[in-house]
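A.B. asks: Dropping the structure in here first, questions after.
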Amino acid sequence: MTDPTKRRMIGSTVPAKVREYYNQGHQCLLQEDWEMSVLFFSRALHLDPKLVDFYVFRAEAFIQLCDFSSALQNLRRAYSYDPGNNKYLNRLAFVLYLQGQCLYELCDFQEALCVFLQASDLQPQNASFSYRCMACLLALKRYHDCLALITREVKQGRASADVYILRARLYNFFQKAKLCYQDLRSALLLDPLHAQAKGLLQKMVDQAKQSLQDASTLAVQGKVHRALKCINCAIENNPLDPNFFFFRGTLRRRLQQFDHAVEDFLKAMDMVTDTQDNLVKQAQRQLLLTYNDFAVHCYNHGAYQEGVLLLNKAIRDEQNEKGLYINRGDCFFQLGNLAFAEADYKQALALSPLDEGANLRMGVLQEKLGFCQQKHRQFQTAEEHFSEAIRHSPQKPQYYLHRAKCRQFLQNTLGARLDVATVLLVNPEYPKMAAVMNTLFPSMTVENVLKSQVAELAKLQLSRMIENGPKNIYPQSTVVQRLLERRKAQVLVKLWKQERLGTPEEEVTLYQAPQLAEEKKVKTARRRTSLTDSYADQTSSGSVFSIVSISTSGPEMSTSQEYKSSSHTAIEFSESTLLKPQLSVPRKSQELTWSPKVVQAVTENLIQNATEVTPAYGQRDSKKATQVPKPKKTEDPKDPSQSTSTTEAPEGPRPSKSRSTLSVKERIRRAKAVRAQGWKLKAQRSSQKVTKTPSLTHSTTHSDIGESANDTPGQTPWPSKAADSLSFSEISSTDLSSSESFLELTNLLTQEVQQIPGDREKLTSDD
């Protein structure tokens, strides 16, 4: 049993000893006697373990002795007794930092990392601990862990310029140039004068230029995929250069990556500055080409509606590109919107009238429109569509065959024959011609048809249509029109000056035979073209073909008279198919030279008077040129050689007619014949060959085509309506003077224009 007195003495002496150890330890701290200080504080804590301050004092002594582990143990013990004291926590974190830094300097990066991580856990808001952890991870080459730690710091909003630069270097190491560039931009925003950021940025720009050069080389070599990888690397190193996106867009367009190509071009256009107008134009052009190629891709895969939408975008920005209209017209054609397709093809032809592809497509479209109208029995409209197709593609025989069938329904037999003859001219072995040949040319072979006069006329029309081509269908540009007008004015001035100087002219009359015209060309060393020639050359034959008055000799007669339609078919004469009027004037009578207006009036007058109605087969023509009818003898033809009408001029003198009894047409012909006789006498004098022989003219006029004047052997045929006109060789030049004939002709032209409607009505009533 313990003495109570002794217990009381022990209890009173323990606090005194603790106080004594405390004073001695504190004195040693002041004297920097770290070991004795640790000894005294340890004795005091042995007497009373709950003295928290003594742990802190002993930890300070251990810190000075660089015994960080012991210091950490004492600080943790103190913090465990008083968790709310932040001073203990801050001191503990500081000791951990010192320990980690010492380990880092000793290259013990793994232990240093563990220490820094402990300090960072104690004070997460302290960025210095995280930075030291990053350094340890980099030293350990744990780049992914370091990048994750940096990303965590950036997300927490504690990133600085150094942090961005550190992560940029990591991205550059991982070849993530795009992210590297972004971090450099962020670092420069925080510190515009950061030297390391500027240096690294310049390095990336140089890498981008090198990648662009490599991509260009590979693209030229045809290695498009590798070139695309290089240009992607260039964009990652310098994503603010619009040239890189433009180049990548072109590569993607070649690889048919149209969506990405459009994005690149749009991005390049957004990134350009005011000084890069050329790049903007190139990007717009490439964007249009991308839309067009994308539309073609959709067209090939049957997505016609999508192709139309893409081409609408392209045409909205570029209205002068014919290829866009052609492609959109193809899409409309496949969708069945023929009206829209026709409008697009017309627009393309207006931009380029000679474009072969546009003309070919227009021909196919017009053919389909013609089939649609023909199906609805609208043969007149179908004929117009087929004629339009022929104007665009005159060498396609199927168009002529389709139009010939339409003209058969319209009872235009002559036009159908011309079309069939044209088909044989273009392709003599064209299939499916037997039925049409039997209908329009019965009992005739292909060779006979090709030798006929209808074939000659069809050949003439075909050659003119091919020569003219589609260039006259659509209006020319303003510049071309002005150039043509200027040249025409220069030619007119030159001709006017030559007329003032008295330059002789040798011209051929309206109804002179082609053989005589060729002989005159051989005799004439230098021939001058009249002003009306240019007008006649510019006319192009339309859907209604015309007939030329072709004179034949002897056995060569027109085969078009052997087969006649049972209906009344209107036969029209066009100015383009008539022989060109050329009138000669001697030098002594220059004041009587016909002006171009008079010549043109004569031509138009004759064209209007040339329209006649072909009677039915076997019927008699009842038309009358004068009040007294002319007797005729007609019989049914026995063979094709007897079906032609021959007009002969009588050898004996003709009974003279007064001017009052002559009709208007006969008076015009007579006046022209007088002038032609004067020209002929002049030609005979120059050649010094005066011969007088009775002329026998065989001419096929517009009235002869529509009638059947066949004579039996042994009978003399009555003169036809064409024979009633005066022959050039039988009229004396003394009947009318040149001046009187010219004035009379001028007056008659004026009267004829006014009397033509009445005469036509009169003829119609007589029929």
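Note: Cβ is positioned from N, Cα and C throughout, glycine not excepted.
Here Swiss-Prot flags 18-51 as repeat 'TPR 1'. What Swiss-Prot records for 53-85 is repeat 'TPR 2'. Marked as repeat 'TPR 3' by Swiss-Prot: 93-126. Residues or ranges marked as repeat 'TPR 4' in Swiss-Prot: 128-155. The annotation repeat 'TPR 5' is assigned in Swiss-Prot to 208-241. The feature repeat 'TPR 6' is assigned by Swiss-Prot to 242-275. The feature repeat 'TPR 7' is assigned by Swiss-Prot to 288-321. Taken from Swiss-Prot, the feature repeat 'TPR 8' covers 322-355. Taken from Swiss-Prot, the feature repeat 'TPR 9' covers 363-396. Annotation comment: Swiss-Prot describes 612-733 as region 'Disordered'. For 684-718, the entry in Swiss-Prot reads compositional bias 'Polar residues'.
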A.B. asks: Determine which residues of the chain contact the repeat 'TPR 5' (208-241) at the Cβ level, with the cut-off under 8 Å and only residues 6 or more beyond its ends counted.
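C.D. replies: Non-local partners: 175-178, 180-181, 247-248, 251-252, 254-255, 271.
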A.B. asks: If you average the pLDDT over the repeat 'TPR 4' (128-155), what number do you get?
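C.D. replies: Taking every residue in the repeat 'TPR 4' (128-155) and averaging pLDDT yields 89.
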A.B. asks: Please work out the helix, strand and coil residue numbers for the repeat 'TPR 3' (93-126) from the DSSP assignment.
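C.D. replies: Counting residues by DSSP class gives 27 helix, 0 strand, 7 coil.
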